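To start, the structure itself, in structure tokens.
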Amino acid sequence: MDGWRRMPRWGLLLLLWGSCTFGLPTDTTTFKRIFLKRMPSIRESLKERGVDMARLGPEWSQPMKRLTLGNTTSSVILTNYMDTQYYGEIGIGTPPQTFKVVFDTGSSNVWVPSSKCSRLYTACVYHKLFDASDSSSYKHNGTELTLRYSTGTVSGFLSQDIITVGGITVTQMFGEVTEMPALPFMLAEFDGVVGMGFIEQAIGRVTPIFDNIISQGVLKEDVFSFYYNRDSENSQSLGGQIVLGGSDPQHYEGNFHYINLIKTGVWQIQMKGVSVGSSTLLCEDGCLALVDTGASYISGSTSSIEKLMEALGAKKRLFDYVVKCNEGPTLPDISFHLGGKEYTLTSADYVFQESYSSKKLCTLAIHAMDIPPPTGPTWALGATFIRKFYTEFDRRNNRIGFALAR
């Protein structure tokens, strides 16, 4: 493969850097770490099982969902989690019940499957379930919660309990899910989701978990940062890590370059162009870009991605764009113009060979995704981008910082 990445069949294992499940117990004065594992995405799992993605229909690639709480409904852009590849662990209750979760800057609520989920829902059988009767700190709320995904409805009710994340304990309102569609969640290696977004995105305006952590005053800074390991060949490597309260200089080099958010309430910034090689091809007049840790790929509007793929010579195959693998190393660089600086991805960063696919075709980690107003139209910079650029989310100053990952 001439040094460029191969998508692993099964994800990276956690490198054990201490005895604590949720963080380093000795790290009490600076910041807290959450170690991440890498997993096969739901889409990868479906392909490995020979599922014809075309038969599932286009709704499987759509990003728009509606969230409902009680009698209130609001449109919120959420990752569909079909391509999510990284998860960490949290504990809920006293004593803690451990769950694998996606940490998602594109949403703001916490939810996990509930022991009250009927075994008729196969997805619940395959996941860890929260049992309120086993927690001495549990408090009942009961407000109905529904997340309407394009692939099915996830619903349940709100509860309150102590959540342990990165060695920090916080009293948190979260969703206990009692109804989950078998597809896609039966194939997900993660149990639930921890939203790292703003309260403006939270259904029912439930205070997000990071806001509650900030209010405790236990962090050095009101920031959190993401590192995704690019060493996908080494199964013993750390899949990645989240740092609460700062950034880890072991995983980036140089200084951070900061870009202010478009507005408070969403992790979205201004982009001034997308270049292929030396030519600015897209977004010449400016556009928006979400920085989305819940997504694996980079995405843009259908019209933008079609133009980009034409320039790259890529062909569409179901929901993916592919090239001949021997052409991959010759593809041009793609640069994203953010805050007066170009962030460049080489073909090694955005082309990969799927272990279950023909060796003659390789997939581009770039997808089309049409996000409607008011958040869209917008690009979304997911793990494809974050693997190359260590990313810091600064709540105090409403900005995002990037530094070259190492």
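Cβ coordinates come from backbone N, Cα and C, glycine included.
In Swiss-Prot this protein carries:
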- 1-23: signal peptide (SIGNAL)
- Asn71: N-linked glycosylation site (CARBOHYD)
- 86-403: domain 'Peptidase A1' (DOMAIN)
- Asp104: active site (ACT_SITE)
- Cys117-Cys124: disulfide bond (DISULFID)
- Asn141: N-linked glycosylation site (CARBOHYD)
- Cys283-Cys287: disulfide bond (DISULFID)
- Asp292: active site (ACT_SITE)
- Cys325-Cys362: disulfide bond (DISULFID)
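In the three-state DSSP assignment, the secondary structure recorded for Cys325 (disulfide bond) is helix. The distance from the Cα of Asp292 (active site) to the Cα of Cys124 (disulfide bond) comes to 26 Å. Restricting the average to the domain 'Peptidase A1' (86-403) gives a pLDDT of 91. DSSP assigns Cys117 (disulfide bond) to coil in the three-state reduction, placing it in neither a helix nor a strand. Neighbour density for Cys362 (disulfide bond): within 10 A of its CB lie 28 other CB atoms from the protein chains shown. In terms of local Cβ density within 10 Å, Cys124 ranks first among the disulfide-bonded residues Cys117, Cys124, Cys283, Cys287, Cys325. In three-state terms derived from DSSP, Asp292 (active site) belongs to neither a helical nor a strand segment and is classed as coil. Cβ neighbour count within 10 Å across all protein chains ranks Asp292 highest among the active-site residues Asp104, Asp292.
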